[in-house]
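Taken from TrEMBL, the feature transmembrane segment covers 14-36, 123-147, 159-181, 187-211, 259-280, 292-315, 336-358, 457-475.
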Amino acid sequence: DAGFVLGWCIFSTAVLYGSLALFTSILHNVFLLYYVETFVSVYKIDKISFWVGETVFLIWNSLNDPLFGWLSDRSFLSSPQAGSQITNPEVVLRRLKALSRNGPLFAMSFLAFWVAWARPGLQFLLCLCLYDGFLTMVDLHHSALLADLAVSANDRTRLNFHCSVFSALGSFSVFLSYSFWDKEDFYFFRLFCVALAAFSILGFFVVSRLLQQRFHKELRPKQDEALKELSVGPAPFTHPDRPVTIGQYIKQLSKHRNFMWFVSMNLVQVFHCHFNNNFFPLFLEHLLSDNISASTGSILLGISYIAPHLNNLYFLTLCQRYGVYQVIRWLFMLKLGLSVVMVLAGADHIYLLCIFIASNRVFTEGTCKLLKLVISDLVDEDFVVNRRQQAASALLFGMVALLTKPGQTFAPLIGTWLLCVYTGYDIFEREPVKDSLVSVPDIASGSGTPPLRLGCFYMLVFVPITCALLQLAAWSRFTLHGRKLQGIKNLRQGAQHGHLIDVKAI
């Protein structure tokens, strides 16, 4: 207990909150990079089982977020009874207890991928659903804490800053994984994954316990004001006359125009992020492997995972100056511009191709890191417009995931389909398929470019161009920024006046 007291005294709430991102990212980055190749190349899953597994995963992946969010936050939508009102420290404690339970289980489910314990098709389906279920619980409650711990843009930016720092540290697992990855000998990669999972389990246990101790203090009367912890008060904007049903809640969201435009944009963003994750090794292999060394490929891979988090530290300073909306818009325009330049340059400029492959992932992932701030703003708008007694942050994060997580499943399905259509390359058969669209040399570059390499190049450049155009169209209709956003925040803080604790100490 002395160690916990020492940790409680040394680390601020923002640091402890951010460190939870480390214990998730060290596992999830490895999962994203290797799960498809493991089942296709190592376990030799057949095409039908792969598609069936991804389809079932699509349904479960979409439904579990709002399901868990509703189970977590439904009491916040109900009419409070006398003497039973939920205070904000109690809300935070609920989320921390959920993290302390589900974090270690998430790490254990990660290990199930790397040992063949059933038929490939069955294991693929069970592993994906089990892993995503625990990941959803961890991610929902961690994301909801961002909206529960702070209201002001600066405080949320500070919390997000610490998440980016620890997520960057977590990305070093990708650097290390490249050294252990060997499709022919899986033993050392398995040991590496066990070490990662053990570290994650220990981290979730220690940090969640430290934070629970801290917010137990918030529940005690006459708490020492020198602690000055981050908290949002429980005072309701107004009390509803009766409980809100899930049907009524969905109807309210359907009338929330900013929510609908945001999820339209974010669906494309989720697709693009996971497309990059799933096909990054393929692009390295077929576009660059003949021209760069294995060590250079390892460095490029690691940079593409770490740089988004480091870049996000700079993006967050821009957000404080120009607002999240404007920074995200600039990132979409930058993604479009870089892709057009790469199309004009062609596939034979190796160094430019290296820069583009890395930067494409860096800026796409960088955008994803900022979107939690936008969802937290939508939580504020939902709280004000629908006059909640408590902000249903986990539920709103879950509803966003319901409408956007299908992009995670569409990415490998559409990607493998495009690869087969344009190149005749079937990753399941490893043999050319007749009637592919690309079967001629790259005339523009004047070289006999193999069809597979040219098809990969087309996928690499035209997917981000299409995504950027769709996102710019949707984002232009989003209005929760500038004066309107500040007005919403003022209304929420005014509704909770007298319950806010000084957050300058975080």
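Each Cβ is built from the backbone N, Cα and C atoms, and glycine gets one as well.
When each of the listed stretches 187-211, 259-280, 457-475 is scored by C-beta pairs under 8 angstroms to the transmembrane segment (14-36), 187-211 comes out highest. Most Cβ pairs under 8 A with the transmembrane segment (259-280) among the ranges 187-211, 336-358, 457-475 are made by 457-475. If one looks beyond the transmembrane segment (187-211) by at least 6 residues along the same chain, the residues whose Cβ comes under 8 Å of a Cβ in the stretch are 4, 7-8, 11, 13, 16-17, 19-20, 22-24, 26-27, 30, 92, 96-97, 99-100, 103-104, 106-108, 110-111, 113-115, 173, 176-177, 180-181.
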